[in-house]
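As written in Swiss-Prot, here are the features:
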- N356: N-linked glycosylation site (CARBOHYD)
- 1-46: topological domain 'Cytoplasmic' (TOPO_DOM)
- 90-110: topological domain 'Cytoplasmic' (TOPO_DOM)
- 132-138: topological domain 'Extracellular' (TOPO_DOM)
- 160-184: topological domain 'Cytoplasmic' (TOPO_DOM)
- 206-216: topological domain 'Extracellular' (TOPO_DOM)
- 238-318: topological domain 'Cytoplasmic' (TOPO_DOM)
- 340-366: topological domain 'Extracellular' (TOPO_DOM)
- 388-398: topological domain 'Cytoplasmic' (TOPO_DOM)
- 420-425: topological domain 'Extracellular' (TOPO_DOM)
- 447-477: topological domain 'Cytoplasmic' (TOPO_DOM)
- 499-504: topological domain 'Extracellular' (TOPO_DOM)
- 526-530: topological domain 'Cytoplasmic' (TOPO_DOM)
- 47-67: transmembrane segment (TRANSMEM)
- 69-89: transmembrane segment (TRANSMEM)
- 111-131: transmembrane segment (TRANSMEM)
- 139-159: transmembrane segment (TRANSMEM)
- 185-205: transmembrane segment (TRANSMEM)
- 217-237: transmembrane segment (TRANSMEM)
- 319-339: transmembrane segment (TRANSMEM)
- 367-387: transmembrane segment (TRANSMEM)
- 399-419: transmembrane segment (TRANSMEM)
- 426-446: transmembrane segment (TRANSMEM)
- 478-498: transmembrane segment (TRANSMEM)
- 505-525: transmembrane segment (TRANSMEM)
Amino acid sequence: MGSNSGQAGRHIYKSLADDGPFDSVEPPKRPTSRLIMHSMAMFGREFCYAVEAAYVTPVLLSVGLPSSLYSIVWFLSPILGFLLQPVVGSASDHCRSRWGRRRPYILTLGVMMLVGMALYLNGATVVAALIANPRRKLVWAISVTMIGVVLFDFAADFIDGPIKAYLFDVCSHQDKEKGLHYHALFTGFGGALGYLLGAIDWAHLELGRLLGTEFQVMFFFSALVLTLCFTVHLCSISEAPLTEVAKGIPPQQTPQDPPLSSDGMYEYGSIEKVKNGYVNPELAMQGAKNKNHAEQTRRAMTLKSLLRALVNMPPHYRYLCISHLIGWTAFLSNMLFFTDFMGQIVYRGDPYSAHNSTEFLIYERGVEVGCWGLCINSVFSSLYSYFQKVLVSYIGLKGLYFTGYLLFGLGTGFIGLFPNVYSTLVLCSLFGVMSSTLYTVPFNLITEYHREEEKERQQAPGGDPDNSVRGKGMDCATLTCMVQLAQILVGGGLGFLVNTAGTVVVVVITASAVALIGCCFVALFVRYVD
């Protein structure tokens, strides 16, 4: 056993706790270059998000989508994501692919993003070339475009959970924190580049004339960036399949051994058990002791048991999910209506006037400036994610979490009360603070919770382990699906508020109020590990 564990390229990483079957294992320190490569997925994802934000409304309008169907487009994707995120997250915890647990899901969702972009940016052009009947052409163009938007949104929202779980699987605790900061950094860079390319008038450039329309130009760039970024990401750090843990290790029955999860690990809080093939031999021996029992456990994991695990999650996980929901509700309330706010309130344009009127042209100018504001948000998100590494040593995760919500709440409040072009653009930098906070701090807290639970198991080896089917994939997915729930709340509630108040100012004020409520929640209810 000892000689096998000492083979080249395979080292044992033990905790400082007492030796025993509950020893944690720590993957090696990852080079910064590998963490940057891992973060390229966030760059590609956010680039494509920015392209969608800039072009999806013009695309939907150009194909003739009735306004009555808008709600279906924006509701279907988050509803599907909210229902399926924990299911797929748990399935990835138990995936036995030879390529690892997370990468097969990331690759599949990346392909779905690419197909979705191809459908909503090129679908109408392809349909026009294939169908001559005007009525059938309209129906098919709308259908293909809607399917593309829903497919892209679903995959892009979904993929964040597996990417985070992949990072947690293969990195040490310190590298997880560094990796999350790099994720936020490249998220901002990707969004900024996407908004900048979307602001270029491609119709008057050679590339635009060569490819046909600006929609095809943006698909070319999106497909290129997404393919390159995800290829680099998937090759960044290797994953060991779960079956490799038990390879070449004889089974050893122990009557008092606690039940194992389907992947041969003590499931709840399993973030530090076996990662990237670096195996504690005593732990691996227990993990391999009864393969048939593990397979039966995996097959017994039903949707009912999964929902039970979600309902019975520990209170500190539940509070973290609620705080994440509050934060994303505030953030999306502002971001989804920000360009319209700039056009109508700051520039005092009218989107409902004739398209050749002065009021409509002023509104369009406001929308363009609003896009530059979103670009400022992305740039400052990247900058703040870099400074987070310095700030966390002074104010901790609680200070970072509270500060992000507070600055966003105050900034959006000032924008709503005093709408001015220059002050609004300056305050857009605070949107970036909130964005970086939402992408890093909650997931840092997840790693802290898992690390704390691992230490508790080491200190009490005779205690009963948690028998739930929870794992880090499910925890990341549950946290991520709060984004979909926030989209559902925003899509269903803000339209009613705007119609009732008669102005989009209510959107910005609502975002400010929700963020300030979130300040109180993260300070009073979210638990922080010392």
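Note that Cβ sites are derived from N, Cα and C of the backbone, with glycine treated the same way.
Each residue in the topological domain 'Cytoplasmic' (1-46) has a pLDDT score, and their mean in this model is 62.
Between the transmembrane segment (505-525) and the listed ranges 185-205, 217-237, 319-339, 367-387, 426-446, the one holding the most Cβ pairs under 8 Å is 319-339. Counting Cβ pairs closer than 8 Å to the transmembrane segment (478-498), the top stretch among 185-205, 319-339, 367-387, 399-419, 426-446 is 319-339. The transmembrane segment (217-237) and the transmembrane segment (319-339) are not in contact, since fewer than 3 Cβ pairs between them lie under 8 Å (pairs 6 or more apart in sequence). Within the chain, the transmembrane segment (367-387) has long-range Cβ neighbours (under 8 A, six or more residues past its boundaries) at 46, 50, 53-54, 181-192, 195-196, 198-199, 335, 338-343, 346-347, 421, 424-425, 428-433, 435-436, 439-440. Packing around the residue listed as 'N-linked glycosylation site' is summarised by its Cβ count: 7 other Cβ atoms lie within 10 angstroms of its Cβ, all protein chains included. Tertiary neighbourhood of the transmembrane segment (426-446): same-chain residues 42, 164, 168, 176-177, 180-181, 183-184, 187-188, 320, 323-324, 327-328, 330-331, 334-335, 373-374, 376-385, 388, 397, 400-401, 403-405, 407-408, 410-412, 414-415, 472, 475-476, 479, 515, 526, 528-529, selected by CB-CB distance under 8 Å and a gap of 6+ residues from either end. In this chain, the transmembrane segment (319-339) lies apart from the transmembrane segment (185-205): fewer than three C-beta pairs between them fall below 8 angstroms, excluding pairs fewer than 6 positions apart. Among the stretches 47-67, 139-159, 399-419, the one making the largest number of Cβ pairs under 8 Å with the transmembrane segment (185-205) is 47-67. Counting only same-chain residues 6+ beyond the ends of the topological domain 'Cytoplasmic' (526-530), those with a CB under 8 A from a CB of the stretch are 316, 319-320, 323, 396-398, 401, 445, 448-449, 451-452.
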